């Protein structure tokens, strides 16, 4: 009996560890961000994926880009990027990790979008951190 | 006897010197932005000592002017519409023709331009060095006497501080408050990104662009400003001008490089059907090849969206947002 319990605990623990270190499959909806530098100055980029299929990209407190997205399984379709030819759609595979997401190109002909999206990794913004933001 | 006569004189000199020193210490700028602000509003930088940068870049108009072209010293007319100096932190080029690439390069050109402030930069620096206040201010901030480089640095620092991000649009998009703007503004933003196609040229944090475009305001006759071509010496650039930021655009009428449109509605009407206004344009961008076909409601929505880009502090009359 003791052995069974020990085995069960081990099984649960190993399952939990695997879940935390590997990819998971949450929703893209919500806020994701990236802290970096641009021209030697701090640059905070926040991507807000809205439930209505709109993404607002905000750089240091100002909207940088607003475009559309659609998710199908592990694939995301981007459209409406002003840097790309009209009606151009970029298709990327979504890789979800514990607190981040990465976009890997599947098919896209828009070089600007590829440069800004392929291998791009964003961190999940904790929902309680937004609640504390001041307007 | 001599001492008795000299004493009041010495006392007077001492009082005057002390007053001067006290006055300077009270108002000496704390940093280069504050120094740049002081210089921006000071007519010491014009040959007649009558106009300053702020005479044409008026704070209440988002640091633009209200006339098609501004008047410089001796009421000399400028050649192009005075652009706003706000929200230029991301600008890759300055001036309508993009002749310089940094705010520091830009800052000294109007001082020396004979139609604007008409004061050689060396003379401007000489005036600042001869001025006790500015001498102290430059030494305090830069540990150096005034120079053309430091004058440019201070003015550029002030201009770069003129960022606005406190608009109803920002409340909607950045702060995620959908009640911050009307449904008309939201429709206008959709039109801006869609049917009206404005976003092809006006995008990014300040709805600007690093490119130059010919929007059809060059026909070689009554509209004869060749724009970017005079800088690059390329015929393909004939009639092209810098795409400026749209933030606070509701405060910066009249519009375009020559100030030919008096209202936002006129601008929208023009883009809707350029041929109706200028049928003989040379080298007009293919993006404007066909009429857009905006309805009256569309036009009103677009105008309302553009008005939503107005800084709330500027709208309330607080002109110097984000200034220290």
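Including glycine, each Cβ sits where the backbone N, Cα and C put it.
Note that the structure is a prediction, hence the values are computed from the model and not measured.
Database features, via TrEMBL:
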type	residues	note
SIGNAL	B:1-20	signal peptide
BINDING	B:53, B:56, B:57	heme c 1 binding site
DOMAIN	B:183-310	domain 'Cytochrome c'
BINDING	B:198, B:201, B:202	heme c 2 binding site
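On the structure: features taken from TrEMBL.
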residue : record                : Cβ within 10 Å
B:53    : heme c 1 binding site : 24
B:56    : heme c 1 binding site : 24
B:57    : heme c 1 binding site : 23
B:198   : heme c 2 binding site : 24
B:201   : heme c 2 binding site : 19
B:202   : heme c 2 binding site : 19
Task: Residues flanking the heme c 2 site, with Cβ no more than 8 Å from the Cβ centroid of B:198, B:201, B:202 and excluding those residues themselves - done: B:192, B:197, B:199, B:200, B:203, B:207, B:209, B:243, B:246
Open item on the list: I need the neighbours of the heme c 1 site defined by B:53, B:56, B:57. Which other residues of that chain put their C-beta within 8 angstroms of the C-beta centroid, in sequence order?
Closed with: B:40, B:52, B:54, B:55, B:58, B:63, B:65, B:70, B:82, B:85, B:110
Task: Stretch-averaged pLDDT - the domain 'Cytochrome c' (B:183-310) - done: 96
TODO: For residue B:57 (heme c 1 binding site), just give me the three-state DSSP call.
DONE: coil
- [ ] Measuring Cα to Cα, tell me the gap between residue B:57 (heme c 1 binding site) and residue B:198 (heme c 2 binding site) in whole angstrom.
- [x] 26
- [ ] Could you tell me which three-state DSSP class residue B:198 (heme c 2 binding site) falls into?
- [x] helix
Open item on the list: Just to verify a number: CA distance, residue B:53 (heme c 1 binding site) to residue B:198 (heme c 2 binding site), in angstrom, no decimals.
Closed with: 31
Open item on the list: Return only the integer: C-alpha distance in Å from residue B:201 (heme c 2 binding site) to residue B:56 (heme c 1 binding site).
Closed with: 26
Task: Residue pair residue B:202 (heme c 2 binding site), residue B:56 (heme c 1 binding site) - Cα distance, angstrom, rounded - done: 25
Open item on the list: Measuring Cα to Cα, how far is residue B:56 (heme c 1 binding site) from residue B:198 (heme c 2 binding site) in Å?
Closed with: 28
